[in-house]
């Protein structure tokens with residue numbers, strides 16, 4: 001008997017489609033609720049600069065402290081769940097790229113040149129360091145005008161390239177990705193079931209080369225890849241490794 005522990009594993013395509021559809025609906029509901037909550041908490045002044053400042057540097061608001069603790073604990077257990085299910089800005093960037101997909105009827109998500117992408121994903125760590133250094137040196141990080149201009153810019157970039165801000169700029173994502181590297185539950189590929197169609201990669205908003213190596217630090221646990229895999233080759237599990245081709 002297979003003693004490995006699986007949380008999500010599919011052998012029946014019909015069952016898989018049904019379950020993944022429900023998971024995607026649940027994710028949309030979660031994103032929407034957390035977005036509405038963020039609007040209420042901030043008095044409808046949703047600032048991308050303020051969000052970064054509060055999350056990275058911190059404040060004394062209990063709700064922020066609890067959210068940060070939950071996000072970090074979740075990252076250590078299951079990866080960047082906060083990014084894919086709870087982040088209010090992730091919700092907005094998700095909306096704009098899905099809007100482009102529907103408007104232009106895209107079957108494959110737009111991608112950044114691979115060489116550029118592989119370098120740009122480290123830029124968010126530079127932003128994280130700069131935010132911390134700015135705080136330590138007493139530089140004030142504020143200004144709603146700047147915040148909304150940046151949000152508008154990243155919404156446009158997110159319309160062109162899915163989750164641009166989340167991939168390359170967000171210091172919150174870079175902080176959580178450090179914990180996600182050691183997450184207990186991981187997205188895994190069974191190479192014996194994979195037929196190399198790369199449907200999963202075409203649907204991945206983070207441009208992860210799933211069939212080559214799943215980067216757990218970049219994965220936001222949106223499970224779009226699992227939703228389109230017709231062979232059930234992907235699983236989200238603990239205490240197992242990728243299954244190599246026999």
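The backbone N, Cα and C atoms fix where each Cβ goes, and this holds for glycine too.
Under the heading transmembrane segment, Swiss-Prot lists 32-52 (among others).
Per Swiss-Prot, the feature transmembrane segment maps to 69-89 (among others). Note on the transmembrane segment (69-89): residues 27, 30-31, 34-35, 37-39, 46, 48, 51, 55, 151, 165-166, 170, 172-173, 176-177, 179-180, 182-187, 216-217, 219-223, 236 of its chain, located 6 or more positions outside it, place their CB under 8 angstroms from a CB of the stretch.
Sequence annotations record features per position, and here Swiss-Prot assigns transmembrane segment to 121-141 (among others).
Distant neighbours of the transmembrane segment (146-166): 46-50, 83, 87, 89-90, 92-94, 96-97, 99-100, 109-112, 173, 205-207, 220; these residues of the same chain sit at least 6 beyond its ends, with a Cβ under 8 Å from one of its Cβ atoms. As annotated by Swiss-Prot, transmembrane segment applies to 146-166 (among others), with the evidence given as sequence analysis.
Packing against the domain '4Fe-4S ferredoxin-type 1' (185-213) from elsewhere in the chain are residues 7, 77-79, 94, 97, 107-109, 111-112, 117, 162-163, 166-167, 219-222, 224-238, 240-246: each is 6 or more residues past its ends and has a CB under 8 Å from a CB in it. Positions annotated as domain '4Fe-4S ferredoxin-type 1' by Swiss-Prot: 185-213.
The [4Fe-4S] cluster 1 binding site annotation in Swiss-Prot covers 194, 197, 200, 229 and is backed by similarity to another entry. For residue 197 ([4Fe-4S] cluster 1 binding site), the Cβ neighbour count at a 10 Å cut-off comes to 14, with all displayed protein chains included. In the three-state DSSP scheme, residue 197 ([4Fe-4S] cluster 1 binding site) falls into the coil class.
Sequence-distant neighbours of residue 225 ([4Fe-4S] cluster 2 binding site) (same chain, 6+ residues apart, CB-CB distance under 8 A): 187, 200, 201, 203, 204, 210, 234. Per Swiss-Prot, [4Fe-4S] cluster 2 binding site is recorded for 204, 219, 222, 225.
Annotation comment: Swiss-Prot describes 210-239 as domain '4Fe-4S ferredoxin-type 2'.
Sequence-distant contacts of the transmembrane segment (32-52) (same chain, at least 6 residues past either end, Cβ-Cβ under 8 Å): 63, 85-89, 91-92, 131, 141-144, 146-148, 150-151, 154, 170-172.
Compute the center of the Cβ atoms of 194, 197, 200, 229, which mark the site for [4Fe-4S] cluster 1; besides them, the chain residues with Cβ within 8 Å of that center are 189, 195, 196, 198, 199, 201, 210, 211, 225, 228, 230, 231, 233, 234.
The shortest Cα-Cα distance from residue 219 ([4Fe-4S] cluster 2 binding site) to any of the binding-site residues (194, 197, 229) is found for 229. Within the set of binding-site residues (194, 200, 222), the lowest number of other Cβ atoms found within 10 Å of a Cβ is recorded at 194.
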